[in-house]
Amino acid sequence: MPSLVVLRHGESEWNSRNLFTGWVDVDLTARGEAQARHSAALLREAGLLPTVVHTSVLTRAVRTGAIVLDALGRPEVPTRRHWRLNERCYGALQGMARTVARERFGDDLYLLWRRSFDVAPPPLEPGTPGDPAADPRYADLPAGTLPRTESLADVTARLLPYWREVIAPDLRSGQTVLVVAHGNSLRALVAHLDQLSPDEVLGLNIPTGMPLHYELAADLSPVVRGGSYLEPGAAAVAAAAVAAEGH
Ligand SMILES: O=C(O)[C@H](O)COP(=O)(O)O
């Protein structure tokens, strides 16, 4: 059976400061690096040795993937990086503390912007941190591709082509695929895999550095809806902490 593991990057510098991050390119904290190494140990114990890795082009995901492979003694495993796996663009919220956002805009709008499927935050101002128009990584993308803000629906629309055209063929060819991405780009993928309702999407939170395993049927539908965290107890506690951020 095709085997997929999805992993949100380890804790980042802005995760530890509770700042909205989006496309701002920050690094891992020492805790985040340790989470990546622990994820490798869990993968080894579970017999889930990746044969291909897909990451976003953001440092926190790229480095998490590299640390996992290094800890497994498998630095030669091919890794592909693509912007379509990037975190959602959080627009004008990028760089803002979650507590400030919740107090400034109110609980309802704060929740809608963080966790609804089809509501995007206000767009980022040109030239502010994380503006992809100023980043050479995206220089070759067609004009109009780069987001200035994204809803989860927007993330889904730009992520699924990569899922269908690149990751799915790896799975169908029998690879053990590790996808290292972000809290919301993985929410978009999980919502697609599990066909989540809008209410289920609203309650979906993915913790940093905790491998989530999906056994997939031949049509790539999950054998177990929601997949299986390799450390389910710790993941449930950490996901609740993500939901509570900013409160
Ligand atoms: O971009 C960010 O700030 C995080 O990766 C996800 O933040 P959220 O859990 O508030 O959506």
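Cβ from N, Cα, C; glycine included.
Unlike curated records, TrEMBL annotations are generated automatically.
What TrEMBL records for this protein:
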type	residues	note
BINDING	8-15, 21-22, Arg60, 87-90, 114-115, 183-184	substrate binding site
ACT_SITE	His9	active site, tele-phosphohistidine intermediate
ACT_SITE	Glu87	active site, proton donor/acceptor
REGION	121-143	region 'Disordered'
SITE	His182	site 'Transition state stabilizer'
What Cα-Cα separation, expressed in whole Å, is found between Arg88 (substrate binding site) and His182 (site 'Transition state stabilizer')?
-> 8
Residue distribution over DSSP helix, strand and coil in the region 'Disordered' (121-143) = 6 helix, 0 strand, 17 coil
Round to the nearest Å and give the CA-to-CA distance linking Arg8 (substrate binding site) with the residue listed as 'active site, proton donor/acceptor'.
-> 10
Quick one: of the recorded positions Arg8, His9, Glu11, Glu87, flag those whose CB is under 6 Å from ligand 1, and say none if nothing qualifies.
-> Glu87
Smallest Cα-Cα separation from His9 (active site, tele-phosphohistidine intermediate) among the recorded positions Gly22, Glu87, Arg114, His182, Asn184 is shown by His182
Return one of helix, strand or coil for Arg88 (substrate binding site), based on DSSP.
-> coil
The residue listed as 'active site, proton donor/acceptor' and Arg114 (substrate binding site), Cα-Cα, nearest whole angstrom | 12
Please report how many Å separate the Cα atom of Glu11 (substrate binding site) from that of Glu87 (active site, proton donor/acceptor), as a whole number.
-> 14
